[in-house]
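Below you will find the structure I want to go over with you.
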């Protein structure tokens, strides 16, 4: 699709949402004069990476979520640790589960060569997440530009800001409410688990010694438990061991995640927690049976997420290397 046609479509979507072309200090077409090829370069590099390993799609979407929920969408998740500071990316919440940093590095290198010191790492990540969703079959959505990069990344802040895969419904609801999202939006964004993978150490508690009365989590479908025990044997300490979040369509961005939850095949405790209240369970059912409705809601929620706690104007910086502050 030509750039002009994309802009017209983005404007139409924003108008249908009742959103403006300038939100939270961000704006549509932010780089149209300073680096007009910016979004095309991001898309080209993301598509190339996903053709080689489509698993990067889930990694980049998750990376944006984990960036925005800690200090806002400021690219802080991209910063490397230093001898005097452990950064967000090295938190056990993010390491080894986050992936795709090298994709962002390649995009940044190309943009620095074309438009030095112009395109922020935070914007690159926001564009890359959107393009990853579109590549795997999701609806594209407008992403405004103009984020600046933060200079601070602290490992310990991940624990208080990111919801755990073992969260119950009230914890999930509160975690998202803390960032300005409704319970409905929380259920909608949980659908990102339709692609990607889970590390065995994040689900082992559901398979072995779940409680004093149940060896395994009774909310997990028995045949899936058997399968997962083969893939994640008890006592296996291999942190790289993974299983697909959605075995039947691991690389397709659709609402089948919700069908899995209804069938007791949600991978995390937090997935099945969505069925523990009539209101959220009803939303799960609606999403399961109406892919287009969920896709539209997900796009709108991601548009909102991409504006969370952004740094704009002259605050922060435009990093020359996404891994280190200038």
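Cβ atoms are placed via backbone N, Cα and C, with glycine included.
The following feature annotations were taken from TrEMBL:
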type: BINDING; residues: 163; note: substrate binding site
type: BINDING; residues: 193; note: heme b binding site
type: BINDING; residues: 194, 254; note: Ca(2+) 2 binding site
type: DISULFID; residues: 35-115; note: disulfide bond
type: DISULFID; residues: 68-73; note: disulfide bond
type: DISULFID; residues: 121-322; note: disulfide bond
type: DISULFID; residues: 200-232; note: disulfide bond
type: SITE; residues: 62; note: site 'Transition state stabilizer'
Cα of residue 121 (disulfide bond) to Cα of residue 232 (disulfide bond): how many Å, rounded?
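Cα of residue 121 (disulfide bond) to Cα of residue 232 (disulfide bond) measures 36 Å after rounding.
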How many other Cβ atoms sit within 10 Å of the Cβ of residue 121 (disulfide bond)?
30
Do you know which of the disulfide-bonded residues 73, 200 has the most other C-beta atoms within 10 angstroms of its C-beta?
73
I need the most crowded of these disulfide-bonded residues: 35, 68, 115. Count other C-beta atoms within 10 angstroms of each C-beta and give me the top one.
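Going through 35, 68, 115 one by one, the largest Cβ count within 10 Å is at 68.
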Provide the number of Cβ atoms within 10 Å of the Cβ of residue 254 (Ca(2+) 2 binding site), excluding the reference atom itself.
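So the Cβ neighbour count for residue 254 (Ca(2+) 2 binding site) comes to 18.
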Looking at the recorded positions listed here (35, 73, 193, 200), whose Cα lies nearest to that of residue 163 (substrate binding site)?
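Sorting the recorded positions by distance from residue 163 (substrate binding site), the top entry is 193.
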State the count of C-beta atoms found within 10 angstroms of the C-beta of residue 232 (disulfide bond), not counting that atom itself.
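If we count other Cβ atoms within 10 Å of residue 232 (disulfide bond), we arrive at 22.
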So how many other Cβ atoms are close to residue 194 (Ca(2+) 2 binding site), meaning within 10 Å of its Cβ?
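The Cβ of residue 194 (Ca(2+) 2 binding site) has 26 Cβ neighbours within 10 Å.
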Output, ordered by sequence, the same-chain residues six or more apart from residue 62 (site 'Transition state stabilizer') with a CB under 8 Å from its CB, or 'none'.
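Once residues fewer than 6 apart are set aside, residue 62 (site 'Transition state stabilizer') is near 97, 98, 192, 196.
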Give me the CA-CA distance between residue 200 (disulfide bond) and residue 254 (Ca(2+) 2 binding site), in Å, as a whole number.
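Cα of residue 200 (disulfide bond) to Cα of residue 254 (Ca(2+) 2 binding site) measures 24 Å after rounding.
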